[in-house]
Amino acid sequence: MSSKGMVRVIFLVVFAVWLMIWVMLPTKLYKNTWTPNLETTLNSTYFSGQGTNLLLFSFPLMFIAAFGCAYLHFQNKSTDSSNHSKRLGLDSATALLKRPAVVMAPLGIVSVLELTFASMFVALLIWSLANYLYVSFGNLHMHTEGEKIWEAKLRSVSLRLGYVGNICWAFVFFPVTRGSSVLPLIGLTSESSIKYHIWLGHLSNILFAAHTIGFIIYWAITNQMAEMVEWSKTWVSNVAGVIAIVIAMPMWVTSLPQFRRMKFELFFYTHHLYLLYIFFYVLHVGDAYFCMILPGIFLFLIDRYLRFLQSRQRTALLSARILPCGLLELNFSKTPGLYYNPTSILFVNVPRISKLQWHPFTVSSNCNMETDYLSVVIKCQGSWSHKLYKELGSSLDRLQCLVLVSGGSGITPFISIIREIIFQIQKPNFKVPRVIMICAFKNSADLAMLDLLLPISGTPPQISQIQLQIEAYITREEEQPMTETHKPLQTIWFKPSPLDSPISKTLGPNNWLWLGAIISSSFLMFLLLLGIVTRYYIYPIDHNTEQIYHFSYRALWDMFLVCVCIFIVSSVVFLWCKKQNAREGNRIPNREIATPVTSPGVSPCFSGAELESLPHQSLVQATKVHFGSRPDFKKTLLDLKESDVGVLACGPRKMRHDVAKICASGLAQNLHFESISFTL
């Protein structure tokens, strides 16, 4: 076995042990046998009651996250840069596991593999709740005097629902920790993992809501409503839990799909209440339970703080292409060493429009073909994008066939994929797959989106070298307009400011190594400071006086030390890397161009205007436009006779679900489906 294989086995064993501890946690064996022995061995005057949970629940994942960064660094060093993009080939086992198993709202499109792991996770929750209740109901003879058995059971069930919700919180932050090493180690990206965060968020809120309602009912029937506002000095703070759930409710409601699509800005701002939510949640559960869910929160805060530091830098906008259909392509300068996958996303902030709003957009450029710039495509749909449009306007080896199904601006991720195929065909022994792109547009003006298949600068891609077939459907027009009424495509070039810098990795070329250093150093610093505070401040109060140190203050110390350690270590490393990058001269080359310069460009290729170049001619020849009709996905897909057909869909939910159902129907065994979506 290779050294890389050994490292992966070590990570797998550590993760399996961590999961097994969660499985054993609610059992009678863990409570009555393991816990006393572990507390005797691991709890000390330096960590008090947190020692056991720090070792069993925090250390394993922090170990994987820190050393996983080093593993990814050396793996990338030994891998050709062209391999940083996703491979088009699929082995038969992977294709089977990725086949859609469930296609329905609100879950969306769920593959066989996802359904398997989701079922295992739900089984863990059921197992935990059942064992918690089994142990608890066995001790009902110890319930409060005067309390009825059914009342004691209600209290017990309500409490254990909260325990089970904590399991969800142990996982919920990993899918949204974009810069973490955990997701790449298991072959996931942050873009594809968002739905797991959504699932876990809904599940945890359901459990915590049931936990809260159960206790409110219990307090009401036992005449203890005053307990809701109790802030105990020796045990959990009920009022902190009430405040946490009050904060969670608007976050939950605004994250529902219908609300989020209609009021994205309200969802965006409301979701930033997560800081207060975490704060009161930790005050409620206490320091011991905080250590059980610490890795996800710790890595998430590191990622958020590094992204905050990176966002303070100005990024150079090189140019913009304005399409007549209300679409924008923004082209930013980037460092040549920045690699990304097709379908990656970039968060964009335009201070002149809003200093607070950051909007995610799919990257349309390809890091292998466009080494010096990065492009995103923006569809004018909301107030922010309309303001931006107005602002600018005023100023795969095994696959034999690849089917790309898009609706409207859903074409964006496929631009990068096609450019990757064009790049790969330059390599020897690369088998060029047949590529069929099925596009559905509302109006003929939207055909201009296909112009974005051609990069704004550099060597024109040889579209004619790939077997590209574009089937474009115009759903709201019965025939091609007789006269051209749309504005031509415009390209606007900007002169970079001396303060601008190219888009680059947050911590420079050795990003993974520096991130591993931040994770390990900040966590060790946290343990060191926590040990000092516990031993020389909290311990003397608990054992040398008649007082008991406040239960909530312990959790406050934990949160404070976590934030301080992350702030100090991340700031020092980020500033050091920024200084090193400045020495290496990562600056935008100064162009002798007025600011801004607008060139009328060419009219959309499909408007009947004179073609400008051979690439445009090849693009037109590859395209067939259908007016007044919608694509027949079933006929198109089932007519494909190649043995391996990759099917990628991006666009409206109904369209993605229709394509997924066809691929999952079993009518054709050669279809391998993948959905691209940031929602469900």
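Numbers run from 1 along the shown chain.
A Cβ is built for glycine as well, from the same backbone N, Cα and C atoms used for every other residue.
Going by TrEMBL, these are the annotated features:
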DOMAIN    310-413  domain 'FAD-binding FR-type'
TRANSMEM  7-25  transmembrane segment
TRANSMEM  54-74  transmembrane segment
TRANSMEM  95-113  transmembrane segment
TRANSMEM  119-137  transmembrane segment
TRANSMEM  157-176  transmembrane segment
TRANSMEM  196-221  transmembrane segment
TRANSMEM  233-253  transmembrane segment
TRANSMEM  273-302  transmembrane segment
TRANSMEM  512-539  transmembrane segment
TRANSMEM  559-577  transmembrane segment
Could you check whether the transmembrane segment (157-176) and the transmembrane segment (273-302) come into contact, where contact means at least 3 Cβ pairs under 8 Å with the two residues of each pair 6 or more apart in sequence?
yes
Can you check how the pLDDT averages out over the domain 'FAD-binding FR-type' (310-413)?
76
Do at least three CB pairs under 8 A connect the transmembrane segment (119-137) and the transmembrane segment (7-25), leaving out pairs fewer than 6 apart in sequence?
yes
How does the domain 'FAD-binding FR-type' (310-413) divide up by DSSP, counting helix, then strand, then coil residues?
20 helix, 39 strand, 45 coil
Could you name the stretch, out of 54-74, 95-113, 196-221, 233-253, 273-302, with the greatest number of CB pairs under 8 A to the transmembrane segment (559-577)?
273-302
Please report, as numbers and ranges, the same-chain residues at least 6 past the borders of the transmembrane segment (233-253) whose CB is under 8 Å from any CB of it.
201-202, 205, 208-209, 212, 215, 227, 259, 270-271, 273-274, 276-277, 280-281, 283-286, 548, 550-552
